[in-house]
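Chemist: Dumping what TrEMBL says about this protein:
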- G11, A12, G13, K14, G15, T16, R128, G174: ATP binding site (BINDING)
- T32, R37, L58, L59, V60, G86, F87, P88, R89, Q93, R134, R146: AMP binding site (BINDING)
- 31-60: region 'NMP' (REGION)
Amino acid sequence: MLNLVLFGPPGAGKGTQSEYLIKKYNLVHLSTGDLLRSQITAGTELGLRAKQLMDQGLLVPDEVVIGMIENKLEENQLVAGFIFDGFPRTVPQAVALDQLLSQHDTKITTMIALVVDSEELTRRLLLRGQTSGRPDDQNEELIRRRVKEYNDKTAPVADYYSQQGKFAAIDGIGEIDTIFKEICYQIDKAVER
Ligand code: AMP
């Protein structure tokens, strides 16, 4: 299986690149942000609780997102692989993901990090907020809080994969197609290892 973690702050381009990657490598896309937003739309209790945190730009508890990923791994056996987008966002989530994958006799192939500076992220997210309808994309202070959550809690996840020799950083500013080619190059290199 090919299991990728697509990593980077909000607005780095993970969603856009995921769309290309799932087609090229025939992967199942698992975005915890999308899964949480479906719970909100469905009006579930989990969705209501998550919304309170998401509306403040804060992370939801680890056990909530780990449980969601666990269900999705159960539902999608016999697939070519997964692309994890927006997950893991903390080191305990990364540890849990390794355990879950090993229960399914598989593992993470590599983590690809998209690097984009905070000014560019804020610009992109405010622009996306004009059409995405996402409340967390429409307020500059909230965007800055999400980027801070990323720097405080999520950035250390890169070290976790780096220590396993499974990490590649890519410049996330530039043409979508150029960035995509660079990601594919790194994936193909990781597969050969
Ligand atoms: P995203 O769509 O990935 O930008 O996620 C939107 C929001 O959902 C985040 O700001 C968090 O509040 C929440 N969220 C998504 N994924 C996770 C995760 N892996 N861990 C904790 N919170 C998450």
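Just so it is clear, glycine is given a Cβ too, placed from its N, Cα and C backbone atoms.
Show me how these features fit into the structure around them.
Modeler: In the three-state DSSP assignment, the secondary structure recorded for R128 (ATP binding site) is helix.
Secondary structure at R89 (AMP binding site), as computed by DSSP, is coil. When Cβ atoms from all protein chains are considered, those within 10 Å of R89 (AMP binding site) total 21, not counting its own.
Assigned with DSSP, the residues of the region 'NMP' (31-60) fall into helix, strand and coil as follows: 21 helix, 1 strand, 8 coil.
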Chemist: Across the region 'NMP' (31-60), what is the average pLDDT of the model, as a whole number?
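Modeler: On average, pLDDT over the region 'NMP' (31-60) sits at 96.
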Chemist: With the cut-off set at 10 Å between Cβ atoms, which of these binding-site residues ends up with the most neighbours? Options: G11, G13, G15, G174.
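Modeler: The most densely surrounded of these binding-site residues is G11.
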Chemist: Enter the number of other CB atoms within 10 angstroms of the CB of K14 (ATP binding site).
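Modeler: Taking every protein chain into account, the count is 24.
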